[in-house]
Amino acid sequence: MMLAIDIGNSSIVTGVYDENDQLAFIFRIATTHDKTSDEYAMLLHSFFEQKGCRFNDVTGVIIASVVPTIMHRFRRMCQDYLHVTPLIVGPGIRTGLSIHYQDPKEVGADRIANAVAAIARYGAPCIVVDIGTATTFCCIDAKHRYRGGVIAPGAAISTAALSNKASKLPKIELTKPASVVGKTTVASMESGTFYGHIAMIDGVVERIKEEQRLDDAKVIATGGLAYLYAEESKQIQHLEQELTLSGLKYIYDKNQ
């Protein structure tokens, strides 16, 4: 079995691929900075037991992380408990992409994985919209060149900032409102957050296509909140909730 681990700012997603290269199951835990490598090992061991599998049967691991301290703990866990040196997505790893970024090391490992999976599944050119803690856009042209991207505040961050800075505005849940025009403060905030974020997504994608001359680019959405926005978007064509894990599997295979 092989583990694909995506360490994000809000959650850590672990995909388990079986001997037939199929995604067998997924574990999700909240991203916290107080767990040790031993605690992560115990958590995964428990998850495997619940699925009737053996944690020690894992023979390969790949990690994409935007949280370096937690990545180091997972690497230690793999070495101590699985006796495996994990593949870390970063400089020197074969991805099939040409990174056209001023400093290629600045491109997040999760964004690279998303781009690899999007090309494999839908071809290039393509634009990947990852809707999570931040909402990011990745632009890949027909020659598999990663041209760059856009990073915007996520919907949850924007809503939290609004509540924190405006004393009379309450905290709200991210949800699709019943109508665009709200009749209460909460309904108005829900509408502004939901439709405002969709308008931002569609507007940015449209501008990317125009500026980069990628009118035929496929637009793929992923991320923890993608399900909430993809259906209402006029630009998003495909929803791939586990795009990052798929990309990690492709990258792992390229490096064997």
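In case you wondered, yes, glycine gets a Cβ from its N, Cα and C as well.
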Candidate sharing the ATP site with ASP6, ILE7, GLY8, ASN9, SER10, SER11, ILE12, VAL13 (per Swiss-Prot), from THR69, THR85, THR95, THR133: THR133
Rounded inter-Cα distance in Å - ASP130 (K(+) binding site), ARG111 (substrate binding site): 8
In three-state DSSP terms, the structure that ILE12 (ATP binding site) belongs to: strand
Nearest-integer angstrom distance between the alpha carbons (Cα) of ASP110 (active site, proton acceptor) and TYR101 (substrate binding site): 15
